[in-house]
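What follows is a single structure, written as structure tokens, with notes after it.
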Amino acid sequence: MNNIRTIKGGTKLKGKIKVPGDKSISHRALIIGSIAKGNTTIEGFLHSEDPLSTADCLRKLGVNIPKIIKDEPFTISGKGLDGLKEPKEILNCGNSGTTMRLLMGLLAAQEGKNFILTGDASLNERPMGRVGKPLSLMGGKISGREFGNKAPISINGEKLKGCVIGTPVASAQVKSAILLAGLNASGTTSVIEPASSRDHTERMLKAFGADISIRGELGRNIVITSGGNLIGQRILIPGDISSASFWMIAASIVPNSEVLIQNVGLNPTRTGILNVMDSMGCNYEILDKSTIAGEPIGSIKVKTSNNLRSFTVEGDILPKLIDEIPILTVAACFCSGVSEIKDAQELRVKETDRLKVMARQLQKFGAKITEKEDGLIINGQSKFHSAEVDSETDHRVAMSLAIASLLAKGTSKIMRAGAASVSYPTFWEELDKLTN
């Protein structure tokens, strides 16, 4: 994570690429495949640090997961809903909040078994009470530092009771943890969200045979009933639109660029980036649309756009593009007028405080950004000069700064550029490919 990358500004992007498998779906394929009956074969898995942390934890829970080799399919032998073993050691989730939060839900319902979850220094400072509190309403026994809000987290598996839970924030991780707990809870568990969040868990549980339904206004009420079994499936994981977004924005704002990104997941709970690109006036088209295992996919062709318009991101669209805010902040610097990010407090408790970090680092290039409690105000039509910037160990910051460097006059340095490997291990190779 400590390596340095140098990037020469003024370089156009040309070519076609495939982005790595979707990180969210990779986590869920491992977890749901592990508690299904029979075998689950996974293709297109994201071979990066976070999903590999999930695989390592599941192995310690007794799941037979082979060594995962990049770009090769593999098969999990599922243990069934109550077949996980009490581990002999602490489960280390690395830097992955998804791993920790989803496992909290899964393990809280493993009656009579005890577990301890920890992570790296960054993860152990991220809020976990947002998962622990709703699980406690179901009868879960979860404790941790700062009144259960921070890891290490201790879980005493219990027989949980289904209930109706309203989540204070639209979070796919919180929702997914409750649904996974609901698989082993008595009766019916209902999750009501304030806004729709990404729905990969619901789609995959349904594909595996769970009794799950989507109800209410805008699909914000998800109901799961226990009592059945999950049956192993063959899962083909599409490319991650959050990873594709770096190239989509880069091709839009770097002069004379044209990029085709193939086989990208187009789940409607994840395509907020396309809505913003429409508002900006970006020049793109979606090709080769299809649906695989309930997930819509397609290829996205993007060409440079002139006179991009400023935009505002706020409200219900935030959950659909929460991971794209860093690269959209870069885009805003090159739009006409003033753009604004609102209602984005969630970014302050990601791998870093992404609002603060993006403002601090882009200002080094000459960006005019004002930080607010819940977002950013970005003045457009910036003229970037070269700078030495730092990912501050955040993968999405590292990649966003790389794209920003292409717009800077001169050669820029990115410190701790290796952070990109958390979600996109081949990012730097792809950047070299598209710029040469």
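Cβ from N, Cα, C; glycine included.
The candidate list Gly97, Gly148, Gly418 contains one residue that Swiss-Prot assigns to the phosphoenolpyruvate site with Lys23, Arg126, Gln173, Arg354, Arg396, namely Gly97. With Lys23, Ser24, Arg28, Ser171, Gln173, Asp323, Lys350 listed as the residues that bind 3-phosphoshikimate, the site has a largest C-alpha separation of 19 Å.
Straight-line distance linking the Cα atoms of Lys350 (3-phosphoshikimate binding site) and Arg396 (phosphoenolpyruvate binding site), rounded to a whole number, equals 10 Å.
When the binding-site residues Lys23, Gly97, Arg126, Gln173, Arg396 are screened for a C-alpha within 10 angstroms of the C-alpha of Asp323 (3-phosphoshikimate binding site), the residues that qualify, in sequence order, are Arg396. Summarising the environment of Arg126 (phosphoenolpyruvate binding site), the number of other Cβ atoms within 10 Å of its Cβ, over all protein chains shown, is 18. Same-chain residues at least 6 positions away in sequence with a Cβ under 8 Å from that of Arg354 (phosphoenolpyruvate binding site) are, in sequence order, Ile325, Pro326, Leu347, Arg348, Asp394, Arg396, Val397. Separation of the C-alpha atoms of Gly97 (phosphoenolpyruvate binding site) and Ser171 (3-phosphoshikimate binding site): 12 Å, rounded to the nearest whole number.
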